[in-house]
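Now, the feature entries from Swiss-Prot:
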TOPO_DOM  1-44  topological domain 'Cytoplasmic'
TRANSMEM  45-65  transmembrane segment
TOPO_DOM  66-263  topological domain 'Extracellular'
CARBOHYD  ASN87  N-linked glycosylation site
CARBOHYD  ASN104  N-linked glycosylation site
DOMAIN    139-258  domain 'C-type lectin'
DISULFID  CYS146-CYS151  disulfide bond
DISULFID  CYS164-CYS252  disulfide bond
DISULFID  CYS168-CYS254  disulfide bond
CARBOHYD  ASN170  N-linked glycosylation site
CARBOHYD  ASN222  N-linked glycosylation site
DISULFID  CYS233-CYS246  disulfide bond
Amino acid sequence: MTEQEDTFSAVRFHKSSGLQNEMRLKETRKPEKARLRVCSVPWQLIVIALGILISLRLVTVAVLMTNIFQYGQQKHELKEFLKHHNNCSIMQSDINLKDELLKNKSIECNLLESLNRDQNILCDKTRTVLDYLQHTGRGVKVYWFCYGMKCYYFVMDRKPWSRCKQSCQNSSLTLLKIDDEDELKFLQLVVPSDSCWIGLSYDNKKKDWAWIDNRPSKLALNTTKYNIRDGGCMFLSKTRLDNNYCDQSFICICGKRLDKFPH
């Protein structure tokens with residue numbers, strides 16, 4: 001073999017060795033790149049998944065904030081509605097109460113008008129009775145007035161209890177029956193300074209004090225303090241209600257309720 005052939009063979013061998021080495025190097029790098037590509041794929045998926053999760057959370061938070069805001073607004077509107085409704089209810093209650101008061105006032109006015117009519121009728125009839133007594137010569141000094149549902153007649157001619165009873169009956173009246181404590185206090189303010197017979201006496205059959213109509217009264221009397229030995233008839237003065245002997249002569253108090261007087 002010549003020198004040129006040896007040189008050519010050496011060059012070819014060198015080139016082929018270099019090519020083989022380069023081929024091996026490329027083949028060695030290919031799996032590494034493949035591994036890198038394979039390894040990079042899961043990270044991309046994780047990043048995408050995380051992005052999706054974060055986006056979903058942001059959307060969820062936004063929805064929650066929107067709902068919270070709407071709930072707060074609805075709650076405020078509900079409070080305003082309830083407040084307005086309560087105000088309307090209160091106003092309606094006030095209107096109903098005022099209507100009821102007006103209705104009661106109207107009823108009271110009608111009752112007062114009726115009482116005034118009855119009182120005027122009774123006063124006219126009373127004047128007729130008094131005028132008749134005076135014209136027949138049986139008239140005596142009398143003064144009278146009406147208060148509430150009752151009219152009072154003070155016969156100033158002093159008489160025993162039985163004659164006072166008769167004088168009242170002659171005028172279609174009765175000796176006064178006191179209905180309650182308020183009436184007693186009122187009468188003590190208006191009675192004359194002298195003692196006045198009233199329609200309360202001791203009933204020997206019942207062994208107790210009884211009013212002229214034999215009916216109970218709301219006037220609470222401690223009858224135990226009245227000794228029958230001091231008298232069996234009751235009189236009224238400005239300071240007290242007490243008993244005395246029935247033959248004593250006092251002023252007479254006659255009375256009559258408006259609803260008992262004939263129309």
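All residue numbers here begin at 1 and follow the chain in the order shown.
Backbone N, Cα and C atoms are what each Cβ position is placed from, and that goes for glycine too.
This view paints the features noted in Swiss-Prot onto the structure.
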| residue | record | DSSP class |
| --- | --- | --- |
| ASN87 | N-linked glycosylation site | helix |
| ASN104 | N-linked glycosylation site | helix |
| CYS146 | disulfide bond | strand |
| CYS151 | disulfide bond | strand |
| ASN170 | N-linked glycosylation site | helix |
| ASN222 | N-linked glycosylation site | coil |
| CYS233 | disulfide bond | strand |
| CYS246 | disulfide bond | coil |
| CYS252 | disulfide bond | strand |
Inset, instruction - Can you figure out which of ASN104, CYS146, CYS233, CYS246, CYS252 (the recorded positions) comes closest in space to CYS168 (disulfide bond), comparing Cα atoms? - result: CYS252
Inset, instruction - Mind giving me a neighbour count for CYS146 (disulfide bond)? Other Cβ atoms within 10 Å of its Cβ, every protein chain shown. - result: 18
Inset, instruction - Summarise the model confidence on the domain 'C-type lectin' (139-258) as a single mean pLDDT, whole number. - result: 89
Inset, instruction - Given the disulfide-bonded residues CYS146, CYS151, CYS252, state which is nearest to ASN170 (N-linked glycosylation site) when distance is taken between Cα atoms. - result: CYS252
Legend entry - disulfide-bonded residues compared (CYS168, CYS246, CYS252, CYS254) - highest count of Cβ atoms within 10 Å: CYS252
Inset, instruction - Select the most exposed residue of ASN87, ASN104, ASN170, ASN222, where exposure means the fewest other Cβ atoms within 10 Å, treating these as the glycosylation sites. - result: ASN222
Inset, instruction - Could you tell me how many residues in the domain 'C-type lectin' (139-258) are helical, how many are strand and how many are coil under DSSP? - result: 27 helix, 46 strand, 47 coil
Legend entry - Sparsest-packed of the listed disulfide-bonded residues (CYS151, CYS233) - C-beta count within 10 angstroms: CYS151
Legend entry - Nearest-integer angstrom distance between the alpha carbons (Cα) of ASN222 (N-linked glycosylation site) and CYS252 (disulfide bond): 23
Inset, instruction - Would you kindly give the Cα-Cα distance separating ASN104 (N-linked glycosylation site) and CYS252 (disulfide bond), rounded to the nearest Å? - result: 39
